[in-house]
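Annotated features, as they stand in Swiss-Prot:
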- S119: active site, nucleophile (ACT_SITE)
- H144: active site (ACT_SITE)
Amino acid sequence: MQRFTDFYASMHGGASVTPTGLGYIPMVIEQSGRGERAYDIYSRLLRERLIFLVGPVNDNTANLIVAQLLFLESENPDKDISLYINSPGGSVYAGMAIYDTMQFVKPDVSTLCTGLAASMGAFLLAAGKKGKRFTLPNSRIMIHQPSGGAQGQASDIQIQAREILDLRERLNRILAENTGQPVERIAVDTERDNFMSAEDAVSYGLVDKVLASRSEG
C-alpha cells in the first residue's frame with residue numbers, strides 16, 4: 001500500500017498546504033491501482049484548483065497562497081483558480097503579496113466569501129476577476145482603513161505615520177478601481193469599520209453576485 005499525506009506538500013519543500021491553526025484536518029483516502037493515497041482535505045481540493053484563505057492574513061498565509069497560485073498557473077495557465085475567503089484580515093504587506101500575485105498570474109482568479117471577509121480579507125475578495133467575485137448569502141464583509149501602532153523616537157513615529165498614510169492612499173485607490181466607487185467615497189467609508197451584508201457588498205461593488213447554491217455560479 002502506498003500512502004501519501006499532503007499531495008502537493010513537495011512544492012512547499014515538504015510543508016503542508018493546509019491553513020494553520022485549524023485543529024483537526026479531515027483526510028481523504030483515494031483508491032488507485034498503486035494502492036491508497038491519503039490527502040488532507042485542502043491538498044485534495046487544490047487538485048480541483050481551489051485555494052483557501054482561512055484565518056488571519058500573515059506572512060505564512062501569503063507564502064502558501066502565492067505558491068499555490070503560481071503552481072496552479074504552471075499546471076494550466078488557461079483554467080480559472082478559485083480563492084475561498086473566510087478571514088478577519090491581517091498584515092497589509094502580506095495581503096499585498098497575495099493581491100499582486102493574483103493580478104500577475106495568467107488564470108482568472110475567482111473569489112468567494114464564506115463567512116467573513118474583513119479588512120485585507122475584503123480587499124482580496126474585491127481583487128478577484130470582475131464578474132467572478134461572489135459571496136454566500138449570510139457572509140459579512142467589512143472594510144476599514146489600515147491600522148498600526150507606532151513607538152520609538154519622534155522621528156521613528158513620523159516615518160511610520162508617513163508609511164501608514166501612504167498605504168491607506170494606495171489601498172483606497174485600488175479599492176476604488178475594483179469597486180467603481182470614487183476614491184473620495186472609499187476614504188470616507190473606510191474611516192471606521194464598515195460592515196456590509198452580502199447584498200450591500202454587491203451594491204457597493206465589492207462582489208458581483210450572491211450565490212445561494214453552486215448552480216447559480
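Cβ from N, Cα, C; glycine included.
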For H144 (active site), the number of other Cβ atoms found within 10 Å of its own Cβ: 16
DSSP state at the residue listed as 'active site', helix/strand/coil: coil
